[in-house]
Amino acid sequence: MPSKKNKRKRPERPTIHPKNKYSDNPPDFSVLASLYPSLKPFVFYSRDGRPRIDWTDYNSTRELTRVLLLHDHGLNWWIPDGQLCPTVPNRSNYIHWIEDLLSSDIIPKNNNNGDIVRGFDIGTGANCIYPLLGASLLGWTFVGSDVTDVAVEWAEKNVKCNQHISELIEIRKVTACQSAISIEDSNCGESVNCENKMDGNATVVEEAKLLPSSSFDPPLDMNKYSGPPLLLGVVRDGEKFDFCMCNPPFFETMEEAGLNPKTSCGGTPEEMVCPGGEKAFITRIIEDSVVLKESFRWFTSMVGRKVNLKFLTSKLREVGVTIVKTTEFVQGQTCRWGLAWSFVPPVRKIISPLVQKNSLSFTLEGLQRQFSAFHVLQSIESFFCLGGASCKLNASSFVVDYFLISLDHCLK
């Protein structure tokens, strides 16, 4: 008899975050339309009688976002035509993933600000969705930055329309420069003059101005970010944040951005496009993070293309980060990925006194690439010896045998 072919099991597809409001209770468009008449014209019914939304209609998706933010989060919200319209469940997934990172024991907790969590949203947009969700759901404080006047104006309006959280969010204006500040710039002769200005509404406006340079400008590298400052030049001296987050411009051209016929979320060129696309944009965030490693516990960004994750994680290893984390955000037919990294040394937690196993396995994070596997094994032996254990290294079988006199010698 011919042998049966082994059917490969498909890996389980990631689902909506369990803490997401919509994980067990997705929006009921019919109920929402009955409660909010402004949504009713955008709800239709399929042949099987299910209420639907036309995701290719910008006005439809914008009104749904407005209703969901009001109905489920108590937030007043609006954006003008053409501005990027976020989907609430998808953006909530990102917020809750950061919540998981902050509550984990991967790196030490930051006790300087007590229970106050402070985030930085790179390119918050007119929708200001991440600060609004983070503040309303979890009480986080935020700085949201952006470069266009329209984005800053409407982000401020959306904050001021929600007085119960308005004190938690600051909108910061970034002035577009001829070229963004980079690691190389900080070591060269070209200096940067940054001025802080306060407007009548006590909103801090960051203006970064490059001093005059030579009359000859070399051609732009289309694979390297050359836009306004992202973190370096926007974060002030002495500022500390628990995390930064970003929904980067995924595309290199507006034509590329319009290739998906199934959705219509709007978006201006500043929100959707940059030379080099998201790879160049996130690479600049990585470069900035090297200089600002003491200012943030976690750096994060959303990634639109899985193929870019390999390049970006490789870049992170090159700059010497201690931790890299990735995840997948799934909402409907849309997939996005989350990328997080930190320069904070990870907590070394090897054995718990309650463990009753003879053989233990564990993961070491934060190892530099220049160390060989044998060097790692030697480090493990030294670590246990310093903790009072008796160790014996067997290089041939690649095993470290250790012996504990009592549970008091267990390493935590």
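Placed from the backbone N, Cα and C atoms, the Cβ positions cover glycine too.
Keep in mind that TrEMBL annotations are predicted by a computer and have not been checked by a curator.
Copied over from TrEMBL:
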COMPBIAS  1-20  compositional bias 'Basic residues'
REGION    1-25  region 'Disordered'
BINDING   ARG91, GLY123, ASP146, ASN247  S-adenosyl-L-methionine binding site
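Note on ASP146 (S-adenosyl-L-methionine binding site): other Cβ atoms within 10 Å of its Cβ, all shown chains, come to 25. Here the binding residues for S-adenosyl-L-methionine are ARG91, GLY123, ASP146, ASN247. Their largest Cα to Cα distance works out to 18 Å. Counting every protein chain shown, the number of other Cβ atoms lying within 10 Å of the Cβ of ASN247 (S-adenosyl-L-methionine binding site) is 24.
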